[in-house]
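Okay, structure first, notes after.
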Amino acid sequence: PALYARLVFTATFFAGAFQAALGLLRLGFLVDFLSHAAIVGFLAGCATVVCLGQLRGFLGLPHFTHHTGLPAIVASIFSQTAQWHWQPFLLGCCLFLFLQITRYVGKRRPKLFWVSAAAPLVSVILSTVLVYIIHGEKHGIQSIGSIKKGINPPSIRSLLFSSPHTWLAAKTGIITGIISLAEGSAVARSFAMAKDYRVDGNKEMIAFGAMNMAGSCASCYLTAGPFSRSAVNRDAGCRTAASNAVMALAVLATLLVLTPLFHHTPQVALSAIIASAMLGVVDPRAAARLARVDKVDFCVCLGTFLGVVFASVDVGLVVAVAVLVLRILLSVARPRTTALGGRGCHKYAAARGTPGVLVLCVDSPIYFANASYLRERVARWIDDEEDRIRPAAGEEESLRCVVLDMGAVASIDSCGTKMEDLKKSLDKRRLQIALANPGSEITRKLDKSGVLQLVSDEWIFLTVAEACDYAQNNCNARSPDEMAEL
């Protein structure tokens, strides 16, 4: 046991050092991989799991699972039906109702914010007095019991840096550090989104790292920003980080002096406080809005929620990041191309196209991952347009020019600048290609790669309107025989 404890402290130190290093290397942008949709699902999933976990206190169960998944929680609850008690359930419901009423009063009347802020402490005091008077242990109401006085001793001399197990502690610390950092960052962004303030990922990483490095020297195991305690803190009306300093002093005073007073505090009182706070972080309207606006974001939200509820917080975060990364890859590899004007218009239904000119807008940077796909999409758009106008077979209706609107192309790589295949394909169809609104960086790369010379400066334009007007006046229409040949 002594060696195990020393390894725990050493793993905590390595986790903190790793977390701080990530912050110092300015890798806080990794936190941004948790989108709004993922945060909504994460909040709802964590709140559901935490609320279900409080059933132990409400039912007075002596044992409970250490797993956080819904199947494990349900199995633990229903495997102990013979030990359910109605007394703690009734007390918990009364405390829960009291907390909800005080919260409602605090929201409706801001001047009475202290009512909801003091409600958790009042509920603890009243329930403790009640359990002491009626001897709640005899009625199935479990109390916290004896709490050892004092604080943990220093453990800086217990850290193992030259042991055969040091590498094992380092690997464990790095892995658990990543997990705790992901969970803590998700919790931070969740409450930042609810309170409309900004979270600096680099500072979060440095703060977590410094906290765990200091904790490893004070007999603490790895930790991060806990979801339930953060919710209770927010529910009590705390607004700044100063509340954490006050809470730390209160905990210190409690450990040194007040621990005997909590001997008769019922566990169901703490369960009611946590369950009440959880209701304030669930946002069903946000999930409904995601389902209405963006189905993919709703899938991210739902996947995160189901991962947290049915597996664990770690699995939920992995699902969220995996789906988001997959979405980014798909958006890069399969960018959207849109026809501007005419019957194929997707952006502006009232727009009218220029006869004989097909305008295509590429809504993505052009990289090696999507260059071939874009060439295929352009060819497909041309086929569809010619199939549409072929029945007329008139000179005015024949397709003569393809204009590529490159205003949304923010960047292009060497693979994207290879337009020889597209140019040859259009030449075989006797179609002219024109480029409209290329950015300065795009123009520079196209010039260095020889694309501008291939297309000709004559067919490079600042706007789509200029390209359409020029193409209409300078492109010769194909004859019916040429159309039949094609």
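Using the three backbone atoms N, Cα and C, a Cβ is placed for every residue, glycine included.
Residues annotated as transmembrane segment in TrEMBL: 33-52 (among others). For the transmembrane segment (33-52), the residues of the chain that approach it from at least six positions outside its boundaries are 68-70, 73-74, 185-187, 189-190, 193, 227-228, 231, 274-275, 278-279, 281-284, 286-287, 290, 294, 297-298, 300-309, 313, 316-317, 320-321, 324-325, judged by C-beta separation under 8 angstroms.
According to TrEMBL, the feature transmembrane segment maps to 112-134 (among others).
Here TrEMBL flags 205-224 (among others) as transmembrane segment.
Note on the transmembrane segment (245-262): residues 128, 144, 147-151, 233 of its chain, located 6 or more positions outside it, place their CB under 8 angstroms from a CB of the stretch. Annotated transmembrane segment per TrEMBL: 245-262 (among others), in sequence order.
The feature transmembrane segment is assigned by TrEMBL to 298-330 (among others).
Annotation source TrEMBL lists domain 'STAS' at 347-471. Counting residues per DSSP class in helix, strand and coil order gives 53 helix, 20 strand, 52 coil for the domain 'STAS' (347-471).
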Looking only at the domain 'STAS' (347-471), what is the mean pLDDT?
82
Folded-back contacts onto the transmembrane segment (205-224), same chain, C-beta under 8 angstroms, at least six residues removed:
8-13, 15-24, 27-28, 151-156, 159, 173, 176-177, 180-181, 183-185, 187
